[in-house]
Amino acid sequence: MPSMTNTDFSLSIEDLTVSFDGFKAVDNLNLYIDKNELHVVIGPNGAGKTTVLDLICGKTKSTSGSIKFLNQELTTLSEHEIVRRGVGRKFQTPSIYENLSVFENLEVSYPEGRGVFGSLFFKRSEKVISKINEIAKLIMLDGEMETEAALLSHGQKQWLEIGMLLIQDPQLLMLDEPVAGMSVKEREQTAELLNSISKGRSVLVIEHDMEFVERIAHKVTVLHQGKILAAGKMDEVQKDPKVIEVYLGH
Amino acid sequence: MSFVYDKLLGGKSGAIGLLVLSVIILIVFPMLLDGFRLNLVGKYLTYAFAAISLVLLWGYGGTLSLGQGIFFGLGGYGMAMFLKLEASSPENTAIQSTPGIPDFMDWNQITALPWFWEPFSSFGFTLLAILVLPALFAYFIGVAMFKRRVGGVYFAIITQVIAVILTVLIVGQQGYTGGINGITDLRTLNGWDITSDSAKYLFYYINCGLLIGVILLSRFILTSKFGRLLLAIRDKEDRVRFSGYDVANFKIFIFCFAAFVSALGGAMFTLQVGFMSPSFVGIVPSIEMVIFAAVGGRMSLIGVVYGTLLINFGKTTFSESFPELWLFLMGGTFIAVVMFFPNGLAGLWSQYSPDIIKKIRSTFGMANPELPLSSPGLKETNS
């Protein structure tokens, strides 16, 4: 049952469980994230990391437990309502509109004209264009505005999707493996990007690349078989014998 | 001005394309063709409404409907019911056992006009019904399907099943619908003889005018943010959903609009051809409409009009001389389109026309101007 307690945290997940035909992919999970915090979830394959993101953004419905964001219960809302409450989510494989240009990708994501008739009469005003330019600069794609998104490099596609979220100015940004398939240089640029965008909001990242996690994480949660194995600062977690056994030691 | 130019005409290439099409259907055809052939072209152009509806729904929206015949039929039957009631005045039907009702009802021992026929004696109601009822029916189907996230192949099959159900219903309920023969023997519209040559010319031009109007309206939709969202939904539905849009509402709207457009075509069909029957409602006509759209180019509002005309000219020519070969030829054309030129005639045009124009220009010693770049974000795959 959704809990009635309110907290000071930006995101508070309490006793969250989801079971698929009896298999508990997420089992009694408790997780709290502050504003301005960049929180990374790590764990071996099948630990339930992506499922946690699916639950928060409404893609998967929880079996029990509560997800509160700015003290609003999310588990009862539909996907687009959750987005409109300020939650943005990037998918594991870059999920962009290949047939549209970079500019159009960002414009489609602009948080106005979200209804049928609103979109029919949506105007590309100066305000919209300057916001798109601002975000494009942030994600280092301001030189590629007219490029069809399909022609971007893999790393650029990842950035574009992050930009599509940023243009909505989400208070919680969730990124599923944002540096997968990126070159070393792109990883560095992405780390800088994440550090700059985590100010003023909460960021939840799933990542496998330990070197990258060390660079960005304020706090780390290690998931294993749907449960929290350890949580805290990266250096503490790395020394935890349980963590070493199931994950880091391999 | 820029609103009309960019949003309705679709910029330079769209405006030229529409101008050429308008000249062909409004001036060239009436000059070259006799009354009979022009009426035939008018009939083909009513199918183009359905093909245009598929550009929006299928080409841009990625939702294939194998049941546009449903809405074409609803529009056509609405108009036919009004015309039939007018043709069934008590004086005209004095020899029936119940005068004043349509002849097929009398043959089926029905003695009073059914309640749902009553309002169709009003022309105003009939027009409203043609504009609203098919879209309303699409709304109910759309809510039932898209809100439950039924899409793709399942949606296509369900629309096809609805087309079958509607056909079976029309054929089976002979007394209320005219059965397999449809509603025939339509003569006048508010006392004006619709079988006369002058009426046929007028209907032809009204039909062309509506078609151009529908193209402009569709262009407005496609050049708006809604149009880009349609492409986005086709490409990555989940990304659109997780960008804060209620995807189902967008699909429902475009399905309703497609139904509205198809119904307009159906109503114009009845007026020009003079009857309506279940053979324009079921699976075969619905699939033919998809073929028209595919051959013309499912991303091109103008291309599908040419596609519709081409296939129907072919059908008329070939089925006059080799009736048994035509279906194979049409099937073969469809397969060829899918395999070799997926963007249809419009795709071939946008691929080869720059070279052809260049060649013509250099042959006649004209300089090649630099092609102007389309305004940011407003480009379309082709006109």
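Here the Cβ of each residue, glycine as well, is placed from N, Cα and C on the backbone.
Computed from a predicted structure; not experimentally measured.
Feature list (source: TrEMBL):
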- B:15-33: transmembrane segment (TRANSMEM)
- B:45-74: transmembrane segment (TRANSMEM)
- B:123-146: transmembrane segment (TRANSMEM)
- B:153-172: transmembrane segment (TRANSMEM)
- B:202-222: transmembrane segment (TRANSMEM)
- B:243-269: transmembrane segment (TRANSMEM)
- B:289-313: transmembrane segment (TRANSMEM)
- B:325-349: transmembrane segment (TRANSMEM)
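If you look at the transmembrane segment (B:153-172) against the transmembrane segment (B:243-269), you find fewer than three C-beta pairs under 8 angstroms, all six or more positions apart, and that falls short of contact. Distant neighbours of the transmembrane segment (B:325-349): 288, 291, 293-300, 302-304, 306-307, 310-311, 314-315, 318-319, 381-383; these residues of the same chain sit at least 6 beyond its ends, with a Cβ under 8 Å from one of its Cβ atoms. Between the transmembrane segment (B:289-313) and the transmembrane segment (B:45-74) there are 3 or more Cβ pairs closer than 8 Å, counting only residues 6 or more apart in sequence, so the two stretches are in contact. Counting only same-chain residues 6+ beyond the ends of the transmembrane segment (B:15-33), those with a CB under 8 A from a CB of the stretch are 5, 9, 41, 45, 201, 204-205, 208, 211-212, 215-216, 302, 305-306, 383.
Of the ranges B:45-74, B:123-146, B:202-222, the one with the most Cβ pairs under 8 Å to the transmembrane segment (B:243-269) is B:45-74.
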